[in-house]
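Single-structure report; data block below.
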């Protein structure tokens, strides 16, 4: 089948509903949970603000529009390699210089929802990924891998979403060996349903924050605060995760969409 025929076929199946578009994005607004870092460690991203310019009134009689205060890494978002010190030297590591061909790819969905419900500090290891592959098939080069935890169900309550106490945040994520294994498979990027791509306690790992550290070291991408991964199959969907083309952007809120064969 030619590429033209394949695209025509996909278009027809989208129009017929045989291929469903699943929104993997959380709502972006003033109540969106935002990562909170210790003030003695680093500055924090401000909360999202939406301010009205006009709404069919004296400030604009025929139109409605707003202006916003918005951090690059707010809500469902994309981490570019330049986001982390290990990726700082890539000329194509910004949101305006990256290769857009890489942004749309098959997605592997590793379901860790039961484990994460039982233990908020659950860690996905390389051995668990290999066991998943034995059941569902190999993870291919250039593909996305995302960890389903159903953490998005907490997004309406920032305290529950961040899940922090005096020992720090508690949320599921990958181990260093999990990320190294995925990088050996030549993935394009890794995604999480939590506030960031790492586990809550990842600061104590070696290296610290391995998803950030290792992914961006290898010029790969991260996705965070994904939603509705429970609507995706383990394999067979296509993920579209395109950041805004921000000049020298280290990341961007995204509208993450998945193309899924309708059951």
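Heads up, the Cβ atoms here are built off N, Cα and C, so glycines get one too.
Annotation for residue 83 (active site, proton donor/acceptor): same-chain Cβ neighbours under 8 Å, separated by at least 6 residues, are 73, 212, 216, 222, 250, 251. Per Swiss-Prot, active site, proton donor/acceptor is recorded for 83.
Residues annotated as substrate binding site in Swiss-Prot: 62, 63, 64, 65, 66, 212. Secondary structure at residue 66 (substrate binding site), taken from DSSP and collapsed to helix, strand or coil, is strand. Cβ neighbours of residue 66 (substrate binding site) (same chain, under 8 Å, six or more residues apart in sequence): 50, 51, 52, 53.
Swiss-Prot lists 73, 77, 79 with the feature Mn(2+) binding site, giving experimental evidence as the kind of evidence. Within the same chain, residues at least six positions away from residue 79 (Mn(2+) binding site) with a Cβ under 8 Å of its Cβ are 73, 197, 212, 215, 216, 221, 222, 223, 224, 250, 251.
In this structure, residue 73 (Mn(2+) binding site) belongs to neither helix nor strand by DSSP; it is coil. Rounded to a whole value, the Cα-Cα separation of residue 63 (substrate binding site) and residue 77 (Mn(2+) binding site) is 29 Å.
The number of other CB atoms found within 10 A of the CB of residue 212 (substrate binding site), across every protein chain shown, is 24. In terms of C-alpha distance, the listed binding-site residues 62, 64, 65 place 65 closest to residue 77 (Mn(2+) binding site).
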